[in-house]
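Note sheet for the following structure.
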Amino acid sequence: MDFISIQQLVSGERVEGKVLGFGHGVPDPGAWPSDWRRGPQEAVAREKLKLEEEKKKKLERFNSTRFNLDNLADLENLVQRRKKRLRHRVPPRKPEPLVKPQSQAQVEPVGLEMFLKAAAENQEYLIDKYLTDGGDPNAHDKLHRTALHWACLKGHSQLVNKLLVAGATVDARDLLDRTPVFWACRGGHLVILKQLLNQGARVNARDKIGSTPLHVAVRTRHPDCLEHLIECGAHLNAQDKEGDTALHEAVRHGSYKAMKLLLLYGAELGVRNAASVTPVQLARDWQRGIREALQAHVAHPRTRC
């Protein structure tokens with residue numbers, strides 16, 4: 001039984017007398033259609049021809065729609081056409097609704113209570129209304145807290161500046177003799193503290209218990225305010241009515257940063273308070289108290305492991 005080789009099929013050589021074993025004659029490969037022999041080559045050629053025709057059509061379309069910019073009218077026509085195309089592509093942007101400021105809605109006079117509340121909440125339009133109507137910037141409540149006190153506590157620096165320009169007293173005292181500097185240190189607002197001190201506020205003011213802003217900055221754990229007070233001339237070893245210095249307070253509250261700053265700037269370790277205790281002894285007593293509490297806890301039968 002004879003078979004046609006691959007080479008014969010590809011080359012198209014004539015084969016004579018090739019008959020299958022089943023009695024069916026096999027036609028001469030040389031007589032087969034030429035499309036069958038050259039099928040892959042012609043398919044590639046047809047694909048290339050098709051791509052060339054598509055490129056040619058695209059080029060013709062481009063040339064037919066191209067503008068010849070021979071004069072200014074042609075250029076204007078091109079610009080108008082581009083604008084028209086852009087309008088179709090990008091929808092027009094909706095205008096944003098106008099929001100009327102609340103200041104215009106407030107027409108009634110602003111009372112003292114509303115004025116102080118506005119200072120705490122930073123509602124400047126109410127402050128402006130109050131001051132425009134001739135209100136006193138130093139007006140206060142029953143505890144002698146002014147708008148400047150509240151603005152300093154809450155950290156509204158622009159409002160602080162506005163009140164100072166309007167004539168607010170920079171060293172106004174509340175019922176505990178605390179000035180706005182105390183309130184700024186209590187809130188930890190360094191920017192406002194700088195504003196007040198630049199306006200001549202007293203850095204070593206004292207309240208009714210003899211504390212200074214330095215004591216307050218230590219108690220409220222605001223080392224940035226503490227350092228600025230020291231740089232502006234705060235007394236490092238100032239004592240309150242209990243005889244405690246800022247270093248005593250730093251030890252008592254366990255504020256490592258405050259202790260480090262005070263010692264770095266030269267705070268004295270040997271100052272005794274009213275109980276004749278120095279900051280060093282206070283630290284030892286504090287450590288001893290912790291140690292005794294831990295030992296008592298461990299010695300308790302219910303807490304043994």
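Cβ coordinates come from backbone N, Cα and C, glycine included.
According to Swiss-Prot, the protein carries these features:
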type	residues	note
COILED	41-72	coiled coil
REGION	83-104	region 'Disordered'
REPEAT	143-172	repeat 'ANK 1'
REPEAT	176-205	repeat 'ANK 2'
REPEAT	209-238	repeat 'ANK 3'
REPEAT	242-271	repeat 'ANK 4'
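When DSSP labels each residue, the repeat 'ANK 2' (176-205) comes out as 17 helix, 0 strand, 13 coil, counted as helix, strand and coil in that order.
Taken through DSSP, the repeat 'ANK 1' (143-172) splits into 17 helix, 1 strand, 12 coil.
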